[in-house]
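Taken from TrEMBL, the feature domain 'Carbohydrate kinase PfkB' applies to 25-335. The active site, proton acceptor annotation in TrEMBL covers D296.
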Amino acid sequence: MAYERVLLGMGNPLLDISAVVDDEFLTKYDIKPNNAILAEDKHLPMYEEMASKSNVEYIAGGATQNSIKIAQWMLQVPDATSYIGSIGKDKFGEEMKKNSKLAGVNVQYYEDDKAPTGTCAVCVVGGERSLVANLSAANCYKSEHLKQPENWALVEKAKYFYIAGFFLTVSPESIQLVAEHAAAKHKVFMMNLSAPFICEFFKDVQEKALPYMDYVFGNETEARTFSRVHGWETDNVEEIAIKISQLPKASGAHKRITVITQGADPVVVAQDGKVKLYPVILLPKEKLVDTNGAGDAFVGGFLSQLVQEKPMEDCVRAGCYAANVVIQRSGCSYPEKPDFH
């Protein structure tokens, strides 16, 4: 089968604890709207508080895992995708395995016997989401697991790799192993800027992986943070996208392409020193449930066409379609079959 295990993702598998909260809740826990951060001690009581809310939902998540599940759903081809990450040996971990199996993703989790499965508080206010991740077991991933023959076989088999920037905080050495393999074998290696804090506080590991990135995904806030951190003195997303695409590359097999989403504004795609803008599908405000997983879904839709070697226009259109589906539902969930042509 042409698409068997063609796409491999690596990241932090987290169980989303999603609830509608109010501004007071955000203030209480010092959370900015529409942001993504790692939990500190001051945030830990919020998980219990959210779990006690009547509208709470538990959804298997984690940025990369979301994207891979969406790609698998859009492809509708059995066993096209694989995913690697670390979970705990607990109820949430079992839930995660069940959920991934149902999604048709071939998962190879490292199971940590000390730490509980990671969770992510998804605080929804007015349809916008703010994320606070308590990585726990997800933080325990080691490159030794990746090097095991049955797991490395997934790397050998895949032609496309996607890793969210969040994984840079966990196992930069695993990222490096896959990145070097992709460059040596002329495969496609892709990452996401993922969050302003990654660009700011994990700049060194991000810069080490950058030369290997054939595609860089991100949103406008992350792009602007990246620009500021690199002293570029521009807030213009199109300029930033071009600059990112022109940073040095480890391999000449593929020219780097930057893909930046901007919410309801057009998607910016930079390649060969030029920018192209693609409009998104606009959604009436009353149909918006929450934006949790919108960026992940965009990447998943995009990848579903990229692995079929479809043109850029189709990749972006599929990304916009998937994001549009997800924002009309709670968390990164989707109907049984896609309606994308």
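Cβ coordinates come from backbone N, Cα and C, glycine included.
The C-beta environment of D296 (active site, proton acceptor), restricted to residues of the same chain at least 6 apart in sequence and closer than 8 Å, consists of A63, T64, N66, S67, I70, A164, V326, C332.
In the predicted model, the domain 'Carbohydrate kinase PfkB' (25-335) shows an average pLDDT of 95.
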